Amino acid sequence: MRNIIVKELNQTYIEDIDIEIVERKGIGHPDSISDGIGETVSEALCKMYMDELGGVLHHNTDEVQITAGESNPVFGGGKILKPIDILLTGRGVSEYDGIKFPLDRVAIEAAKNFLDDTIINLDVELDTVVECKIGHGSGDLVDVFKREGAPSSNDTSFGVGYAPFSETETLVKATEELLNSKPFKAKHPAVGEDIKVMGLREGEKITLTIGCAMVSKFVANREEYIAVREELKDIVSDLATKYTNREVEVFVNTADNDDATDESGYYLTVTGTSAEMGDDGSVGRGNRANGLITPCRPMSMEASSGKNPINHVGKIYNILSNEIAKDVVENVEGIKQMNVMILSQIGKPIDQPKAASTQVILEDGVKLEDVDKKVEQIVDRWLEDISIITENVVQGKTRTF
């Protein structure tokens, strides 16, 4: 019998609170690059182990550190003066049952492939130095994956999720995803991948402040830069009408000095990421598992990216909590909003958490007894089928940042 708790949440519905703040760090932000590398390396190790053994050995690659390089962007060109240093750390298994694995090579290759796919104007071989210092784990750590039934939790920890997204949350995420989409880059090559979107809702007005690294070789002069910046404002303003009827005001690169006639007054980069010139990055300092940073919502400080998808509850429970919340809100009538918190105990099966706590805001006229059994059933089903989370992560079907 699982300890599933359903309680009514005595809290104002997200759309009715006076102030809401939402942030998303885009795929080219140094923290997001770190998240992406950590997760991609984990996926590559999973594939390596699966191909050889049919199962996944212990690993965690959630300790990626980016130390920024140096660059000299100029209108119409520029160059990298010092490459970006990327350090891969964590733990993995390089030998098991007489089989040796090329752990470091696979990790470095995965990191470089991610950079190639993600930062279009980055020359990975010339402009980055990728170093692997992933430690080699002991056989004792591997044993946990060989037990019968659900894997045992590797830690006493918790995961948090909620649903549905608010209008502001949806708009913030959609804005970054549009600006960093492949079709958009093809039409607007001057727009780099290092994009941060900060959303503020004050009552019925939403303000979006966007920091966007411009790629210097595609911007010939000050006038072209300003034209691209102003076009971005118009594009995002048009996008906003698809997600909200509220007033939306858009700002882009507010630190620019339009009185400057040279590059010094503008957000120019050679590669499209600030990691080239002074902005460091680490796993877990950016987006949560749902892709957002949401101080007005319950959040876990746990970094999901790079953690092993077999029994690391810091990853599994954060993803699972969001899936449960979405499922309940979409399929149980009468629930306006839901929070989910799942707590593990180290050594206990991950499908038997110490507590699976849910909190619901109900529609007017709906009572808790009208929905609690349905909520319990959905939570129980997800815990019973928790391996789906692992399978989706291993196959790269689930985003963790």
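Each Cβ is built from the backbone N, Cα and C atoms, and glycine gets one as well.
For G135 (ATP binding site), the same-chain residues lying six or more positions away in sequence with a CB closer than 8 A to its CB are T89, G90, R91, G92. In three-state terms derived from DSSP, G135 (ATP binding site) belongs to an extended strand segment. The ATP binding site annotation in Swiss-Prot covers G135, H136, G137, S138, G139, D140.
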Set of same-chain residues at least 6 away whose C-beta sits under 8 angstroms from G137 (ATP binding site): L57, H58, H59, R91, G92, V93
H136 (ATP binding site) CB neighbourhood, other CB atoms within 10 A: 12
